[in-house]
Amino acid sequence: MIETLLQSPSSWTNFFIFFGLAVLLLFAVLGFVTYGILAERKVMGFMQGRIGPNQVGGRFGLLQTVADVLKLLLKEDSIPKAADKPLFILAPVIAFAPAFMVLAVIPFTDKFQFADIGVGLLYYIAVSGITTIGVVTGGWASNNKYSLLGGMRAAAQMISYEIPLVMSVIGIVLLAGSLNLNEIVAAQENVWYIFVQPVGFVVFLIAAVAELNRTPFDLPEAESELVSGYHTEYSGFRWAFFMLSEYVYFFGMASLITVLFLGGWNPVMFLGFIPGAVWFALKFSSVVFLLIWFRVTFPRIRGDQLMEFGWKVLLPIALANIFLTALIKELFF
């Protein structure tokens, strides 16, 4: 249906159909992220020997995150007197919009994908980098030293880990022969790339955690050093924009790892009768659990250690993996 609409002449009907689909995607993702945050808090509570949210919405705290969202929407929207007002207002939008744009190319099943484009992997990596511009803009516009330091840290971290992230997936592109995410999943029908590209998987996972600014790489928001980092001066719904973009990317990156390394919706051998959507959900949940486990387990590292590890360790390993993959493909495939 979508392909037919894309090839048909432009009309107001097409506009309203795509606008409706975009709104549907927005609310579906926001609803999922809302309860995804609750799930993370519950898992962290379990790992730390706590109960977690249990006051709003019954003993399981099912409405806790909904209450948090309502609280943020009702809080006063304050803008510092010394801030650059236009940029201060624009920054959360710049950070927030790309987070939803990247989800359009993720194939959740062979039949459920919003946009099947030939360069889906390249599109995801390119668009996700725009968020850093919003983060740096927010830090600059706040006219606060802690916010500015947080924004500068975010930019330095993104530059340092974007390169290993891209290099780690070149091996997959060589093996699959495509940048299309659907074709990459189809190429893993017999064997998942986590077994063929274990080094690439480890490099991608570490670089992804750094890209997401999550522990142990959460230097842009380091509460013990920078109050709250680049969004120190933000409150209410503007702060919620930054928070939601972080969590949408969190779940988006988990989906991308599932597609690139875990075979997407492809089933385990002899269990093909289970629907592909179930397999995708199970793999996705495992990646999310692993990333939450990282957050609970590891302490924050120093800035110099972060930079040194990215440039001196991850990048050479990623380059060596490309060379080795090309050699194996040339000799055996």
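Even glycines carry a Cβ here, placed using N, Cα and C.
Here is what Swiss-Prot says about this protein:
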- 15-35: transmembrane segment (TRANSMEM)
- 88-108: transmembrane segment (TRANSMEM)
- 117-137: transmembrane segment (TRANSMEM)
- 159-179: transmembrane segment (TRANSMEM)
- 191-211: transmembrane segment (TRANSMEM)
- 239-259: transmembrane segment (TRANSMEM)
- 274-296: transmembrane segment (TRANSMEM)
- 313-333: transmembrane segment (TRANSMEM)
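Ranked by the number of CB pairs under 8 Å to the transmembrane segment (313-333), the listed stretches 15-35, 88-108, 159-179, 191-211, 239-259 are led by 159-179.
Put simply, of 15-35, 88-108, 159-179, 191-211, 239-259, the stretch with the most CB pairs closer than 8 A to the transmembrane segment (117-137) is 88-108. Long-range Cβ contacts of the transmembrane segment (191-211) within its own chain (Cβ-Cβ under 8 Å, at least 6 residues beyond either end) map to 128, 157-158, 160-162, 164-165, 167-169, 171-172, 175, 184, 217, 249, 253, 256-257, 260-263, 266, 290-291, 294, 306, 310, 314, 317-318, 320-321, 324-325. Long-range neighbours of the transmembrane segment (88-108) within the same chain, counting only residues 6 or more positions beyond its ends whose Cβ lies under 8 Å from a Cβ of the stretch, are 25-26, 29, 79-80, 114-117, 120, 123-124, 127-128, 130-131, 133-135, 137-138, 141-142, 181-182, 185, 233-234, 238-239, 241-242, 244-245, 248-249, 252, 255-256, 259, 264-265, 277, 280.
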